[in-house]
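Novice: Not my notes, these are from TrEMBL:
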- 21-46: region 'Disordered' (REGION)
- 120-139: transmembrane segment (TRANSMEM)
- 154-177: transmembrane segment (TRANSMEM)
- His173, His319, His323: Zn(2+) binding site (BINDING)
- 189-207: transmembrane segment (TRANSMEM)
- 219-241: transmembrane segment (TRANSMEM)
- 248-269: transmembrane segment (TRANSMEM)
- 281-301: transmembrane segment (TRANSMEM)
Amino acid sequence: SLPSCDGYCVGLTSRCPSNLPLINRRERPEGEGKEEEDERGSDEGFMGMTPLLQAHHAMERMEEFVHKVWEGRWRVMPHDVLPDWLKDNDFLLHGHRPPMPSFRACFKSIFRIHTETGNIWTHLLGCLFFLCLGLMYMFRPNMSFVAPVQEKVVIGVFFLGAVLCLSFSWLFHTVYCHSEGVSRVFSKLDYSGIAFLIMGSFVPWLYYSFYCSPHPRFIYLIVVCILGLAAITVSQCDFFATPQYRGVRAGVFVGLGLSGVVPSLHFVISEGLIKATTMGQMGWLLLMATLYITGACLYAARIPERFFPGKCDIWFHSHQLFHILVVAGAFVHFHGVSNLQEFRHQAGGGCAADGTL
């Protein structure tokens with residue numbers, strides 16, 4: 001049988017390598033003290049082995065460790081013993097998952113409590129919510145729309161962006177502890193998903209807000225797509241995912257969202273403030289922007305864990321709050337777009353001579 005792990009990755013003893021996670025110590029009945037002494041003697045004998053035998057012995061122990069991780073028998077780790085590629089937020093002191101080179105173990109970990117539990121479930125549930133909401137919307141009767149196919153495609157783009165964003169997010173937070181390479185690939189998908197959500201959110205809003213002004217609508221859509229593709233391109237650089245560029249990441253996506261200021265001002269000037277905030281749903285758009293920007297600022301500044309290190313390790317840390325605000329912002333945006341769609345349905349297909357709606 002393989003040697004016991006008690007001597008090298010079970011407890012905080014002098015014989016535990018600092019780079020290995022801790023595994024739950026199993027209960028040992030009385031009378032096993034002699035076995036432990038025998039193990040210690042075995043470890044002392046290990047030092048006298050030839051380099052080849054030492055390597056073989058070390059490989060056996062590592063195999064047993066990987067097997068225990070595969071079975072889910074792992075313990076959370078403090079931040080200071082994580083490998084560098086897993087260190088992201090040094091204000092979260094405890095509760096981190098160890099490196100787990102097994103996708104099965106990573107996905108099983110979503111049912112355990114650790115620093116990523118909230119991040120995973122907020123966007124996993126959000127993804128399922130928008131997927132169901134989108135399907136319900138797509139199957140609405142055609143009589144609810146002025147141009148059923150066109151409008152369903154336009155609103156479907158928003159739902160696609162939301163589902164992709166939330167899917168890439170919860171998948172990244174699930175598997176990023178697998179290995180450095182896997183973490184790098186899924187972080188790029190995660191950042192691309194944010195850009196997809198922002199671009200997808202613009203499409204139905206521009207479609208309905210500039211329903212009677214197709215030329216400005218087309219120009220704004222092209223500009224948003226160019227900026228979104230630029231953000232995706234930048235996010236594919238390896239440095240973009242490093243902790244030092246946290247503020248840059250937030251700034252890139254906030255900047256992409258704020259590109260909507262220009263068409264918003266155009267809309268308000270064309271329709272007037274009262275009409276823009278009532279029929280034009282600008283109030284909901286501003287609330288959505290507030291939620292997104294607040295979430296990005298909390299994420300970049302690492303609030304509240306910055307002021308309470310170790311107190312928000314599992315629940316209500318900045319990344320978790322950011323996730324909640326993203327889901328809330330996406331739903332607020334959908335509500336505003338639904339109101340715009342209802343206004344267009346009630347108004348029919350006609351357009352006033354001096355308006356964009």
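All positions are counted from 1 along the displayed chain.
Placement of Cβ uses the backbone N, Cα and C atoms for every residue, glycine included.
Automatic prediction, not curation, is the source of TrEMBL annotations.
Could you give the neighbours, burial and distances for every feature on this list?
Specialist: Long-range contacts of the transmembrane segment (120-139) within its own chain (CB-CB distance under 8 A, at least 6 residues past either end) are made by residues 110, 152, 155-156, 159-160, 162-163, 166-167, 169-170, 173-174, 320, 323-324, 326-327, 330, 334.
Long-range contacts of the transmembrane segment (154-177) within the same chain, counting only residues at least 6 positions beyond its ends with a Cβ under 8 Å from a Cβ of the stretch, are 86, 97-100, 103, 106-107, 109-110, 116, 119-121, 123-124, 126-127, 130-131, 133-134, 137-138, 183, 186-187, 189-190, 192-194, 196-201, 203-204, 207, 323, 326-327, 330, 333-334, 337, 341.
Secondary structure from DSSP puts His323 (Zn(2+) binding site) in a helix. Taking Cβ-Cβ distances under 8 Å and a sequence separation of 6 or more, the neighbours of His323 (Zn(2+) binding site) in its chain are Gly118, Asn119, Thr122, His123, Gly126, Ser169, Gly295.
Beyond the transmembrane segment (189-207), the same-chain residues lying 6 or more positions past its ends with a Cβ under 8 Å from any Cβ of the stretch are 151, 154-155, 157-162, 164-169, 171-172, 217, 220-221, 224-225, 228-229, 231-232, 235-236, 240-241, 249, 253, 256-257, 260, 263, 285, 288, 326, 330, 333, 336-337, 340-341.
For the transmembrane segment (281-301), same-chain residues at least 6 beyond its ends with a Cβ under 8 Å from one of its own Cβ atoms are 201, 205, 246-247, 249-251, 253-254, 257-258, 260, 264, 267-268, 318-319, 321-326, 328-330, 332-333, 335-337, 339-340.
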Novice: When a 10 Å sphere is centred on the Cβ of His319 (Zn(2+) binding site), how many other Cβ atoms does it contain?
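Specialist: Its Cβ shell of radius 10 Å holds 20 other Cβ atoms.
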Novice: When you measure from the Cβ of His173 (Zn(2+) binding site), which residues in the chain that are at least 6 apart have a Cβ under 8 Å away?
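Specialist: Set apart from His173 (Zn(2+) binding site) by at least 6 residues yet with Cβ under 8 Å, we have Glu116, Asn119, Ile120, His123.
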Novice: Give the sequence-ordered set of same-chain residues, not counting His173, His319, His323, with Cβ within 8 Å of the centre of the Cβ atoms defining the Zn(2+) site.
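Specialist: Surrounding the site, in chain order, are Glu116, Gly118, Asn119, Ile120, Thr122, His123, Ser169, Gln320, Phe322.
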